[in-house]
Every structure is written in structure tokens, then in C-alpha cells.
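> What TrEMBL lists as active site is 113, 320. The domain 'Peptidase A1' annotation in TrEMBL covers 95-440. Summarising the annotation, TrEMBL assigns signal peptide to 1-20.
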């Protein structure tokens, strides 16, 4: 997925697979990797995984950035929060979830994307599709499938790249950075969960990829603040997730509704809460009021106004679960680079590694694990702080190279972004009803 900023919370993508999971409404982000990408492990080294993930993240964010630059109904059925659903890392493109589509259910793997709102899957109705693991969803085999007309609410409200009426159908086209998907809007019954499943009626895209690949997945499940999001359609007031480090290959839960409550789970630090800000122009990202940065105990010379969300919809700080690299606007990035070069007792590398502009040479025979680095602290309006340990802002994308996982946004006016690496081992909660973002350091594989 590609869309730098307009939906950074995208690709926080997540491959979601319905496997047996504990208790209610839990999405497990299982960060085990396979040979196809950084989230799949297998034959791929940790270094290759980081480079691949960074490149994919950058491409995805490019899409969102373009949407942001351009920008400057409820479902029925069971309670989805009572379903046990697992999310599994799925190659370099994110995490996937297996859902059942139709009556009777047909299995479909969809990538979780917090930078887009449409739920769509490849569909035999619209012609030839790209290769996927499961059989392509066939609406003619479902008794609950129904096309949506052009005059429907969701057709009118949907923020597609383009749309038109074809044979009274609501036809759309969406760009996802390096991907392009087309289709028609419809309604269908979706079944979530393994042992505790729930079936709900949702508007979705019956479509196909016309450019790019999603590594044998079937489609995308968008969880952005947009009007077609599953969250909006089912009036889900809050959700949370807790991401284990990529290389740990352990599960990570994502919870919806009443299960999304930081007070119910053990944390390794205090719970802090800040407001969720609303962009006055678009609804691609979830924004938080970052006002400053420190490296260790040193507060950096970064004016709060340089980090603020502007009235024209530019700037600000977004939280995204699908973006690997963090993005930091100027002058904050320059100040951070200076502080890191002064504080880290390592020589600056005379070359860069792929998408990492600032790297340091590790002592021969030493990995990043043997290097001490002060915490990176993000300061929020109201006094809350988010303390990031070394592994949440440094990566080792190449043997002997320790690189800062914070880079410049792709264009002027794009927001700073707190990506998934910064959030690892952090339980974060989005309370959409109260417009609050809460977080606490947590041993995520223990939840």
C-alpha cells in the first residue's frame, strides 16, 4: 500500500486471519514472517525485512500524501465486538484478516489498512482478478449480496479517487500508492471470528486490482476515520491494538468496543491520554497534539507551532499503524539528527541504506542490541509524554549499520507521523466517541 501521509494510519495495514483466539473481539497481529516479506520471516533476514518494510511503507504513504494534498450508514447484524478475530503479519504489505463473505460465507483474506476506509475484496462479478490464496469471492453463490445504486448514501459519501455510474451501479477507482483497485459498491453479510463469530451487514467494494499486487491477499479492510470505514458503518466507538516488535514473531492483539479498555490489561507504565484532533479538511488520519521532542533529558529546539495542525489541513501529527518509518517535519527533523549525532557515540556512516538517510557504523562484530541510546520523548499538549526506547526509533537494516527510523515527510504540508515501529510494545487506544487517544507501555505478547 502506498500513501505517505494522507492515510498514514493505513497500512498500519494488517493482514487479518480468523484463527482461534482467546476471548472476545480480539484481533491478533501475529508478527511472524514468511519468505515473501518482512512480516513473513522464513528465508528473509531481519535486515532485509526492515529494508523491504521501509520501502513498502514509503510507497504506501506516498499515496496518502497525494490524497492529502488533493483534499487541502450503520450495518446490521451481530455485535462484532463479541467475535474472536486474529490478525496475522502478511509479507511486506501488512497484516491480514480472514473474513467470511456472503451467505453461506466464502473465506477472504483482507489486509488491514488504517489509511483508507473502504472494505473491498476481489470479486468474480467484475472480471479477471489477480492471483490470491482463496477462491475469488463469487456473489452469485451468496443469497445476501446486493449492488448499491449511484444514489445511495455510501456511494455519494465515499471519498474515492474517482467514481461514475455504470448500468446504475456505483463504480469506483481507488489508488493505493503502487496499487490501483476498481470495482462496484454493494452490500453483503460479513462473518468475523473463529469460535466466537459474528455476522454483520456491510457496504463493501466488489472489485479487483488493476495495477500492483497484495501478495495473494484478497482485498483491503479500511479502518480510517472515513465514511465507509467498518468503524463508522457499525458505530464502533473505540478500538485498541498492542504491537509486538516485528522480529519477535509473536502475536499482537487488536480489540474493538468494550474490549478496548487499557484499564483491563496489565501495562509496564502509566496510561496517558491526549485529545484526538480532527483535520478540518480531510478524514484520512488520526491526529494527536504533539508540541515538542526531547532526546533523553535534552529538550530540542523545536517550536510548537511547527508541529501544529494548521487551519488549511496541513501539518500536525498523525498516528499510523501501517507506516514503519516515522515522519518528522522541519525544523524538528534537523534538530533530532543533530542531537542523535552528538549523543550517539558512533561514527556516522558515509553511505545511506535504502530509505534511511542517517545511519551509524556499528563496531565490528556488534549488533544494534549492544549499543546504548537515550530515549526519544514525544511531548503532547497538556503534559503527556510518549517515551520511545532505542528499538522504537532505530533499526538495523543492514549488518553493521544502525539507522535512524525517522525521516522527512514526502512533501511540504504533510504531517509528522508516529509509525508502527514507534508504537511497538505500546498499547494504544482510539476513543472515537470521546475523541481521545490513550497509550501505555505494555508487554504486548502478554495481553
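Every residue, even glycine, has its Cβ placed from backbone N, Cα and C.
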> These are the active-site residues: 113, 320. Which one scores highest on other Cβ atoms within 10 Å?
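Counting every other Cβ within 10 Å of each candidate, the maximum falls on 320.
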> Could you give the Cα-Cα distance between residue 113 (active site) and residue 320 (active site), in whole Å?
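Spelling it out, the Cα of residue 113 (active site) and the Cα of residue 320 (active site) are 9 Å apart.
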> Limited to the domain 'Peptidase A1' (95-440), I'd like the whole-number average of pLDDT.
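Averaging the confidence scores along the domain 'Peptidase A1' (95-440) gives 90.
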